[in-house]
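Per TrEMBL, these features apply:
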- D359: active site (ACT_SITE)
- K217, E364, D379: ATP binding site (BINDING)
- D379: Mn(2+) binding site (BINDING)
- 1-20: signal peptide (SIGNAL)
Amino acid sequence: MGRLRRDRLLPLLLLCSLLAADLYFHVWPEVRRRGGLLLLLTGRPLPPSSCPCTSHPSPVPHNVSRPAPSKLRELFLHPLHLGAPQPLPDTEDHLLSGSKAIRSYRRQVSRWNRKQKFYREELNMTYPDIQAAQLNLQANWLRFHQEISHSGLYPRDSLTVPKLLEDISNFNTISADYSPDEKALLGTCDCSQIVKPSGVHLKLVLRFQDFGKAMFKPMRILDFRRVPPVAGRMINITQEILDVASNEDLQSVFFISPANNVCFFAKCLYMCKAEYAVCGNPHLLEGALVAFLPSLKLAPRVSVLNPWIRSYTFTGKEAWEVNPFYCNTLKQHYPYNNSNRLLNIIDMAIFDFLIGNMDRHHYEMFTKFEENGFLIHLDNARGFGKHSQDEISILAPLYQCCMIRKTTLQRLKLLALEDYRLSDVMRESLLQDLLAPILTEPHLLALDRRLQKILDTVKSCIEINGEKQVVIEDSFEEPV
């Protein structure tokens, strides 16, 4: 009798173990992604201001009658951020012509539907049962494209961007493929142009149920509206990438690790090894999703070599790295004899110094806006690396040219005040992301430290050259 019970007990224990593993690795991560235990028990999501990662919230003191005011909200209500009322841009001020863009997107939808039909019927490919795509003229990604103007990727008071970030965070994917850069490599890796030997080049393009697209890669606080909207998201790399991928090259780089995790790697000659792969747990992987800009055919962009590009080799130095008067020479040549372009470069350097990005080798501009257009800050993946290191050479455009836009300086000084401290407003802003907390406390405090170094650099320039020469009035409509 005892042996019979033991024989029944072993299968029962095995089934319980399998159930526990399934709950831990599949159900629980999904519950956290969709709003935590509160959603599971009550059907109500967490409030937007709550942090789902906080296990033990601090008790509220009895003598506090109301929550502390939002520094982020107060910052956006400050006159420096509100600015003068912005008139509605005319047709020429918009990046896209409404009717032309709609026709182009409708053609894209038609081509995509024909392509999916070909995969299913002609190639007999197993593919998820997805209905034919339709262009929704009210889709937030389309509104985002229509809002781009010569003053920025979105207006200060945009209601579209928060909705777009919510879509990116929650919409189902209907296809996945390599990015255009990956396809251009053809598996050969031109490391001198696209990939750094120390990096892992892996970018995937995901298409969502509303036909919008985002770039999957494992800041509005300065009013620099030049960075495409980005949201954190937990991706099920099996269901949301592998199962919807029609590219056989992409499918071929997926494998199951010895720990039973689903993994994939960049198909590149020097890194086609499992040890360079990224893996889910066992299927879920954190990543950043960046909203796509309009296609190059619809809105051409020019890529320009950063005049302060770094020397990526040990054999030589760039001119700015050895010549402290490099900026004086640069000012004599087009397009940097235009102070607007140079001030935009300096704004970009300030942004990069704050996030610790040393890899700004190019910048892009929409050709329609010509010289008065803003610089698009793409590819910020190298930011927030070492919180303890402040690479002052990133600020070379600022301390070599000793120029700064007046409005930029005013906003930097504002963020150095207690009521609008940069680390505090950044911390509050990032709590809105599904993967919050995004930055550790040392990274947030590094922002305050770096901000003070920027202000000290400007102060030194003013002491040497005088405020009139250093702080440049916004004599034209500022491109930020």
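Glycine too: its Cβ is placed from the backbone N, Cα and C atoms.
There are 17 other CB atoms within 10 A of the CB of E364 (ATP binding site), with all protein chains counted. Distance noted between the C-alpha atoms of D359 (active site) and D379 (ATP binding site) is 9 Å. For D359 (active site), the number of other Cβ atoms no farther than 10 Å from its own Cβ, over all displayed protein chains, is 19.
Non-local neighbourhood of D379 (ATP binding site): D359, each in the same chain, at least six residues away, with C-beta under 8 Å from its C-beta.
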